[in-house]
Amino acid sequence: MDLVEETPYRFRIDRRDPMRVPGVVFATRSLLPDVDADRSLDQVADVATLPGIVTASYAMPDVHWGYGFPIGGVAATDVADGGVVSPGGVGFDISCGVRLLAADLDRAALGPRLDALLDGLGEATPRGMGTGAVWHLADRAELDAVLRGGSRYAVERGFGVPRDLARCEDGGAVDDADPAQVSERAVQRGAGQVGSLGSGNHFLEVQAVAEVYDEPVAAAFGLAAGQVCVMIHCGSRGLGHQICTDHVRAMERVMPGYGIQVPDRQLACAPVSSPEGRAYLGAMAAAANYARANRQLLAHAARQVFRRVTGGELALVYDISHNLAKIETHDVAGAPRRLCVHRKGATRALPPGHDDLPDDLRPVGQPVLIPGSMGTGSYVLTGVTGAPAWASTCHGAGRTQSRKQATKAVRGHDPRQELEAQGIAVRGASRRGLAEEMPAAYKDVTAVVAAAEGAGLCRRVARLVPLGVVKG
DNA sequence: ATGTAC
């Protein structure tokens, strides 16, 4: 892979057939993936072959190897010019994302009640593989209401307050969900999981604001130094996974009929405007709403525990996905175009002044929530004016080791004890789960965020440190 | 990420 260093934060993969556009990797030299162990830069080049792709196939500083598309990949296709949508450009965990809540409480004031808080959160948070959820749905009609209404429906049903919706991407739900495109098997897998954390890198953490880089923006977000926060990182569980599986298969079957050839069958895709493209986008939107409702329900459960243990309240800072495709209007070569923007392990980062921001956030830009690896810090960023890559930035630390490698590396260690020795309390979590999520298996999130800022993708607002973690 | 292989 020939990389041309354009700046210390930006590398180019020159276009060569059958690429339609170049690749652009936002990273520092030390953050670039190890080409012997990780094929993600080849994947950046593969994505550049997709029909209708415009400008470049982008990678964020946390890029690593994924299914078809790299994780940390951003690609936009022109809807009116045969542009495709690819389920691999969203990933299996559709609308996996992060929600941050800020307490009216300082870290020092929480003091010894942290243990009781974590005990309560551990009990109130369904987690791990399989079934178990905050919400037991009445019937398929109620699941369809979740798929159509996302966090809006959860709030209607009393799981939150209307103000929450102003602090959710898309006001808590996208309008174009089509439950008819969600298979019966996906429904069966998802029905018993609405309001559950899952496993892997998903978590609920009690955190504290350790550092504020921009006081006015942090204040607009509702954040101040020392403040206690709760961060929830989860997705669309079995429902999103099944939707991805179903629609990849459907697209594999019809691609030859559209004359589409891709260098990797995991890049299965169909024109956005085709029946198969629209069917996927309708099902994907349903999973996006499901994931938002999921985070809304877990936040509701966390609020009840927080109120009981501390007497305090949790205000929503923001809820944002980092695995999603969206139809957005962007300027391409001086003209506005309707684009299908795939963000897979990449976060939308709207700049100040953007119409889609609520009034109180419009002057400062969109909060971007970056979960660190287990036991390390997390970051709050904001979007910036004139950023490349369709108003997108990184989503997290990014793996450097596979789950298998990480499990092997942890032999002889006791991850739980090591975390607790750092003063980070742990609730739940299998030994295997902890092993797979060791910080040694990830890039340094601080370096990732610094590179994203250096590349002009976003700006740092605050750093959060973990006090305790609930894991699957 | 995921009923860690239909």
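Here the Cβ of each residue, glycine as well, is placed from N, Cα and C on the backbone.
TrEMBL annotations: computationally assigned, not manually curated.
These numbers come from a predicted model, not from an experiment.
In the three-state DSSP reading, A:H395 (active site, GMP-histidine intermediate) counts as coil. The local packing around A:H395 (active site, GMP-histidine intermediate), expressed as other Cβ atoms within 10 Å of its Cβ over all shown chains, amounts to 28. The annotation active site, GMP-histidine intermediate is assigned in TrEMBL to A:H395.
The Mn(2+) 1 binding site annotation in TrEMBL covers A:D93, A:H202. DSSP assigns A:D93 (Mn(2+) 1 binding site) to coil in the three-state reduction, outside any helix or strand.
For A:G398 (GMP binding site), the same-chain residues lying six or more positions away in sequence with a CB closer than 8 A to its CB are A:P61, A:D62, A:V63, A:H64, A:I71, A:G72, A:G345, A:Y442, A:K443, A:V448. The GMP binding site feature in TrEMBL is assigned to A:201-205, A:322-323, A:371-374, A:S378, A:395-398, A:K471.
Sequence-distant contacts of A:H233 (Mn(2+) 2 binding site), defined as residues of its own chain at least six apart whose C-beta falls under 8 angstroms from its C-beta, comprise A:C96, A:G97, A:V98, A:N201, A:H202, A:F203, A:L204, A:P371. Here TrEMBL flags A:H233, A:H322 as Mn(2+) 2 binding site.
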Between A:D93 (Mn(2+) 1 binding site) and A:S373 (GMP binding site), how far is it from one CA atom to the other, in Å?
18
Expressed in Å to no decimal places, the gap between the Cα atoms of A:H395 (active site, GMP-histidine intermediate) and A:N323 (GMP binding site) is 9
When you tally the Cβ atoms that lie within 10 Å of each candidate's Cβ, which of the binding-site residues (A:N201, A:N323) has the highest tally?
A:N323
Set of same-chain residues at least 6 away whose C-beta sits under 8 angstroms from A:S373 (GMP binding site):
A:N201, A:G396, A:A397, A:E437, A:M438, A:P439, A:A441, A:Y442, A:V445
Provide the number of Cβ atoms within 10 Å of the Cβ of A:L204 (GMP binding site), excluding the reference atom itself.
28
